[in-house]
Amino acid sequence: MRKLLCYLKQERKEAILAPLFKLLEALLELFVPLVMAKIIDDGIAAKDTGMVLQYGGLLVLLAAIGLAFSITAQYYAAKAAVGMGAGLRSALFRKIESFSFSDLDDLGTSTLITRLTSDINQVQSGVNLVLRLFLRSPFIVFGAMIMAFTVDVKAALIFVVTIPVLSVIVFTVMLVSIPLFRKVQAALDRILLRTKENLAGARVIRAFAKEDEENANFANENEYLIRLQLFVGRISALMNPLTYIVINFAVLAVIMAGGREVYLGHLTQGKVIALVNYMASILVELVKLANLIITINKSLACAKRIEEVLVRTESMTEGDIMQAQPSEYHVEFCDVTMQYPGSAKPALTNISLQVKRGETIGIIGGTGSGKSTLVNLIPRFYDAYSGTVRVNHVDVREYTYAHLREQIGVVLQKAVLFSGTIRENLLWGNEQASDEELMAASEVAQAGDILAQKGLDGRVEEGGKNLSGGQKQRLTIARALVRNPDILILDDSASALDFATDAALRKAIAQQGKKRTVFLVSQRTSSIMHADRIIVLDDGAIAGIGTHEQLLKECAVYQEIYMSQFKKEGSHEK
Ligand SMILES: Nc1ncnc2c1ncn2[C@@H]1O[C@H](COP(=O)(O)OP(=O)(O)OP(=O)(O)O)[C@@H](O)[C@H]1O
């Protein structure tokens, strides 16, 4: 919590001024019943119109000054809360950006989105309310009680009994409803998650005709939320009749005791009205206070979720080496074992491999055999559990992230593009690249036809939804090539391309002048068979290394893969 308060400290001036102005407004409010008493006793009773107008004017003045104080307080409270929210949002975003793939896997992206958006909003509105009410409400409750004593001690004793009773009712209702509110939030979270999954998977739902089932599931979750909210609503609704019964009895007691005092000549009618007004103010403030405490509780729960992310220590820290001398072996794996957190068994076991500069390495194996895991260790998307991965003979953990990754062009299995223009997307590879360089990279990536059709200024919609799978893959390859990297990793990134385009792509990459080390991950033997060496992975271990011809002779796993695809392709041709 202390960490979050730092962000409020940056808005120190506003955070002090907001409650101060609210306090001034409350101070003025406490005088209103006294002025009313004066109007009744000195103006109306004495039929003195001048006096009524004079005090009436004072009331208007008090209201106007109070309004000005209140607006000023609202302004500062909003400014402090929004400023804190903005600071928090940037800090959280920066923190999330610093997370490694393992951290993101561990936390889950949907909860990070909720924390970055609705949790921060909740904290923001909590801070806004606290700044306005945490001084004002207790001040009015105690102030009104003290003012009541200054009006009439005997009648004020009724307040001494009423306030604790009212407090007990209000705070009991609050204590009962807070855990229920937490349940409501959790139910809301589930509904949000379901909505998000449904929107993301809308096409799959249609394809499997699961709309009715999904509608029914959503209706169930919604029904549960409605029942919970109604229950919470009923409990909260109990507060009003109960408190009004107490307050009405207290008002009755004030009027009866006051009436007797008026009759005896010890109290004026105006003062009785003032006492009734103080009683009403106390009730209103107690209800506000209860709502404030509920909001504080909700905000604290959200603040805790935000803080969990902010104080999380990253599972990987970067080194400080910026450049290394080119060495004989460009990429080395030394007895590398990789196990994902929470997994029962390693995804890679005892991998040792030395790759020379300029070599093209094909990586093949069944699904889940560890191909992506192997290449993801080179740009340090994950750290090896044991063993070392080296680039230019330097452990990847010793490089700064930026300097390690600027040597490597990665095309991930899932082609991700961002909304904007094609040019903006390609420039991610190298911000300084000229249009000619972008076009040249696109030609190599076999994306020339896309550019001819759409141009560099062609729009890419959210998630590249206006492009086909193959078009997206070719643009992501072009983006990696724009960087002109020393190491190029294509992780099954030509899976949506037809055989001819795939072959043309490999040929164009090989023909580029640069002595580039290439890792080609694929499930298709045809994509990797021309590589200098092929690594066959089987259940996380190397089952064979060699050329296509060597492996066909010596490696049973490779033979099996090749034969299964050869037969399949043969049968297609028939
Ligand atoms: N982020 C992750 N967290 C936990 N386990 C993972 C993660 N990514 C992969 N795995 C597991 O590690 C193993 C190897 O996965 P990997 O993605 O490297 O296989 P692959 O050979 O690339 O498969 P495919 O060809 O299907 O993409 C699998 O058992 C997979 O379930």
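Every residue gets a Cβ built from N, Cα and C, even glycine.
The structure displayed is predicted, hence computed values, not measured ones.
Listed in TrEMBL for this protein:
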DOMAIN    16-298  domain 'ABC transmembrane type-1'
TRANSMEM  20-40  transmembrane segment
TRANSMEM  52-77  transmembrane segment
TRANSMEM  133-151  transmembrane segment
TRANSMEM  157-181  transmembrane segment
TRANSMEM  237-258  transmembrane segment
TRANSMEM  278-296  transmembrane segment
DOMAIN    331-564  domain 'ABC transporter'
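For the domain 'ABC transporter' (331-564), the model's pLDDT averages out at 89. In this chain, the transmembrane segment (52-77) does not touch the transmembrane segment (278-296); fewer than three CB pairs sit within less than 8 A of each other, excluding pairs fewer than 6 residues apart. It is 20-40 that, among the stretches 20-40, 133-151, 157-181, forms the most Cβ pairs under 8 Å with the transmembrane segment (52-77). Outside the transmembrane segment (157-181), and at least 6 residues removed from its termini, the chain residues within Cβ reach (under 8 Å) are 141, 144-145, 148, 228, 231-232, 235-236, 238-239, 242-243, 246-247, 250, 253-254, 257, 278-279, 282-283, 286-287, 289-290, 293-294, 297-298. Listed by sequence, the residues of this chain that lie at least six past the ends of the transmembrane segment (20-40) yet keep a Cβ under 8 A from its Cβ atoms are 51-52, 55-56, 58-59, 62-63, 65-66, 69-70, 72-73, 76-77, 131-133, 135-136, 139-140, 143-144, 147, 151, 268-271, 273-275, 277-278, 281.
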